[in-house]
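As annotated by TrEMBL, compositional bias 'Basic and acidic residues' applies to 1-16. The feature region 'Disordered' is assigned by TrEMBL to 1-74. If you look up TrEMBL, you'll see 17-28 marked as compositional bias 'Low complexity'. TrEMBL lists 92-97, 207-208, 236-242, 262-266, 331-334, Ala386 with the feature GTP binding site. TrEMBL lists Ser96, Thr242 with the feature Mg(2+) binding site.
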Amino acid sequence: MGICASKEDRPAETDRATAATGVATTTTTRHETSPPSGARNEKTGPSAQEDSTAVLKEGPRGGNDVVAAETSDPMDGTLKGELKVLLLGAGESGKSTVLQQLKIIHENGFTDSELIAFIPTIYNNILEIGKNLINGRNKFNVPWEDNLFNKEEIDNFMKLEGFDPQQPEKSLLFPEIYLNLLINLWKSQNTQKFLASADSSQVYIMDSTSYFLQSSNMKRIITSQENYKPTLQDVLRSRQKTSGIFDTHISMSSKLKLHFFDVGGQRSERKKWIHCFDNVALIIFCVSLSEYDQFLIEDTTQNRFQESLILFENIVNSRWFARTSVVLFLNKIDLFAEKLKHKPLENYFPDYNGGNDINKATKYILWRFMQLNKANLNVYPHVTQATDTSNIKLVFAAIKETVLENSLKDTGVL
């Protein structure tokens with residue numbers, strides 16, 4: 001049986017998410033027919049993309065009633081009484097970070113050994129961040145300040161190879177001689193001007209660039225060397241491509257147990273999604289608000305935001321999920337607010353005319369997604385910052401009181 005949250009429940013849920021971010025959202029179960037104040041009344045929307053979403057159109061045979069597992073399912077590991085939840089979205093939308101937050105909130109976080117295991121990923125992130133900024137500056141002929149940089153040092157840094165995740169973490173050492181290079185790379189005015197320009201949209205800039213290249217974080221991570229143990233924020237800010245399907249059991253209460261499936265968001269990973277489609281109680285679809293000016297790593301001609309719209313359209317209108325509710329996370333609100341100051345949304349979406357007003361911009365993007373819900377699924381939107389534990393805790397408390405508990409009542413578990 002599908003999830004049925006009453007209309008009376010939804011405003012309170014939305015208000016809680018709004019309180020965590022200061023951005024108003026509107027909850028609806030139907031696609032809106034009129035645009036918000038920040039958009040011109042023009043027909044817009046993505047077309048279907050056959051190569052990565054064809055599986056969504058096939059649909060199940062004999063329907064897809066959603067139930068809480070009555071017995072253990074050896075095929076996907078879902079246990080009796082658990083609700084199956086899919087974390088979907090394009091690459092780098094924040095799915096894995098949401099799952100890490102739930103581990104922190106409901107599963108006592110990470111052990112010391114688990115934190116240390118993130119060291120290779122964090123080192124590789126820092127290395128990639130530095131190389132991407134250097135490549136971007138060189139590509140667009142951004143001048144190198146003589147008082148900050150040495151060409152030979154830059155050339156040597158670019159020759160560094162990635163860190164092997166299989167190597168014992170304590171034996172890994174990030175070359176400390178490049179500490180000042182990385183700090184100067186971030187504090188350089190020419191770097192900041194480049195990042196604020198339209199040119200930077202053509203270069204892959206990791207969301208955590210500003211976090212890791214902050215002087216205090218750089219010194220803490222690189223100079224501590226053998227004594228370095230990642231903080232929770234280091235882990236939440238780190239980025240590792242999800243390849244394959246990862247499942248996690250989370251107990252949100254004594255009666256509410258969820259089985260999460262986190263699947264890779266890149267196009268090459270989506271053909272694997274079908275293995276998770278049976279008996280789905282809830283879909284959490286993550287969107288990176290800050291990706292409106294960026295392009296896919298796997299297809300540099302495709303705007304990331306448009307890709308998310310295409311993917312969302314195929315999911316909410318798929319016969320696989322005809323009885324499934326969707327929680328829509330408009331994620332990375334902090335990065336979105338900062339980027340709007342330098343890169344007007346209307347430069348990328350001409351039908352938007354709300355300027356850099358964060359509320360109008362967010363409502364416009366929500367409207368774009370809700371327009372695609374032609375199947376009239378129950379869609380519960382939330383504005384989120386996945387790296388903020390308090391925000392995610394508040395959002396999931398609202399989801400728990402409405403969507404999930406109603407689903408458990410429908411299935412007879414509560």
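Using the three backbone atoms N, Cα and C, a Cβ is placed for every residue, glycine included.
Remember, TrEMBL labels are computer predictions, not curated facts.
Bear in mind that the values here come from a model prediction, so they are computed numbers and not experimental data.
The binding-site residues considered are Ser96, Gln240, Asn331; of these, Gln240 has the fewest other C-beta atoms within 10 angstroms of its C-beta. The Cβ of Glu92 (GTP binding site) has 26 neighbouring Cβ atoms from other residues within 10 Å, across all protein chains displayed.
Taken residue by residue with DSSP, Leu236 (GTP binding site) is part of a helix.
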